[in-house]
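J.: Dropping a structure here in structure tokens format, bear with me for questions.
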């Protein structure tokens, strides 16, 4: 009904369009400008008025990035880290969420409340002992050390518990049990297929979280060969005189993959925010 | 839908093997024994399935948190013996002007970076939710896009935008309005404004999406009824939209408060090599990091961590309480 109304621009909506367009423009401009700077020599930065059109140095600038930081190693490290952590969190959370939703065991409520409490503790509280622990284990400068912390995702358990209790009917489980299914078989053959949509949501949340996290990766990864993208990019800015063209070239190429993934799955990204925070 | 997909194939399996009714009868015979063992099995499965989380949590979550609190009362450089020093670490930190400066910076940047988001986010969400507006999906995607970039990327791009050069793009824009150039990375307010703006830019779309979900949960007939009663758009916004959006506002205020007090990546990356040598934009977490990893004083750093925990819990509680009290005097249904 109301869809038909939207076909034509209604009068009085112009200010709304102006505000929304302005907001979109401000949101997109840094992306565009990053691209412009990535194609310009550093000197272009000093020109007045500022350059707002792409130049010809795209390859040259990126070559400088490759000479300064192990860009592709860092990219590979990041992808490896994000993928493993995401799969780990999905496994841990779905198992625990399934248990919290469907099994009765003494102490269940206490344990669940404990998980919710861990969501409130700032990650910086344990930073020093965690660093000490990782160094004692010899995991400094390894992806294992960088990743293990992110396996703790209380939100994941919360989401999975919610999803399993809403979408896996008890009758289905009972029927499966009568047929002699073990609990693990139920998890594998019944629960997993049903909760696939929740995997997509949680997967995106965890992947972007680990991709962008800085403090822990910066603390644990000191050796350039173990750098993830974020640590490598940050190190670009440490020189006394920074080559802006090179710097933004690095940022640009590190951001492009994420933009492509986002544009492909933008609905999923946006719904993951509302599901991840509101439920 | 998903359930319907599962059912038929599952039934086939059950009925293919044996008659369901028959099975139920045999099951009923030793129902007591079976129930007992089933219950036990479920219990074991329950513990087994939550175990991975709690084992990892114990080692890398709980143990460090407790250790950190103990460490706050020790003198330790990470290598030698620990010395119990009582409250001395807290005294040192609380008497350090730099700690108070960093707390002040964190609060100012937090307020400037997050409070405007609340207002702008609600307005944008309200516009995106208007039935007469077209291209909402395009606007939604573009406004949300900054969120997918990492904090480091944002800090670097804004670092060039707000570089201390007189020719920085930000200074050029200021110049258009007749203002003098600002040295963004080395001045008291320049650094704070630049960092607040990058926090704002990255998160405003995120909050807009949450408010939008909230707006979509408000039933349309409430607005229709209000229109019939003669309420104009602004009255509707203030008396229907804002009160019903309150749970979502509380959520974003809570998350913004906690997030703002943990600020680290943006100022650290923005200031680059001088990040820990200057105090214009040093945050509490940076102060903590500097104590631990640049100065090797794990005890005072842990004391700062404990203080930060108290500050975060306190601030989150106060802000949530204020937000929940917002507009309480107005009576409303539900």
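Cβ from N, Cα, C; glycine included.
Automatic prediction, not curation, is the source of TrEMBL annotations.
Features from TrEMBL:
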- A:12-35: transmembrane segment (TRANSMEM)
- A:74-98: transmembrane segment (TRANSMEM)
- A:75-265: domain 'ABC transmembrane type-1' (DOMAIN)
- A:110-132: transmembrane segment (TRANSMEM)
- A:138-159: transmembrane segment (TRANSMEM)
- A:194-216: transmembrane segment (TRANSMEM)
- A:244-265: transmembrane segment (TRANSMEM)
J.: Using a Cβ cut-off under 8 Å, which residues of the same chain at least 6 positions beyond either end of the transmembrane segment (A:74-98) come close to it?
T.: 143, 146-147, 150-151, 153, 156-164, 168, 187, 191-192, 195, 198-199, 202-203, 206-207, 210-211, 226-232, 254, 257
J.: How about long-range neighbours of the transmembrane segment (A:194-216): same chain, 6 or more residues beyond its ends, C-beta under 8 Å?
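T.: Same-chain contacts beyond the flanks: 78, 81-83, 85-86, 89-90, 93-94, 123-124, 127, 130, 146-147, 149-150, 153, 155-156, 159-160, 163-164, 167-168, 229-231, 234, 258, 265, 268-269, 271-272, 275-276.
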J.: Using Cβ distances below 8 Å and needing 3 or more such pairs, separated by at least 6 in sequence, tell me whether the transmembrane segment (A:110-132) contacts the transmembrane segment (A:138-159).
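T.: Between the transmembrane segment (A:138-159) and the transmembrane segment (A:110-132), which are separate recorded stretches, there is contact, as judged by 3 or more close Cβ pairs.
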J.: Can you name the far-off residues of the same chain, 6+ from the ends of the transmembrane segment (A:138-159), with a Cβ under 8 Å from a Cβ of it?
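T.: Residues 77, 80-81, 84-85, 88-90, 92-93, 96-97, 100, 115-116, 118-119, 123, 130, 198, 201-202, 205-206, 209-210, 213, 216-217, 220-223, 225-226, 228, 275-276, 279 contact the transmembrane segment (A:138-159) from elsewhere in the chain.
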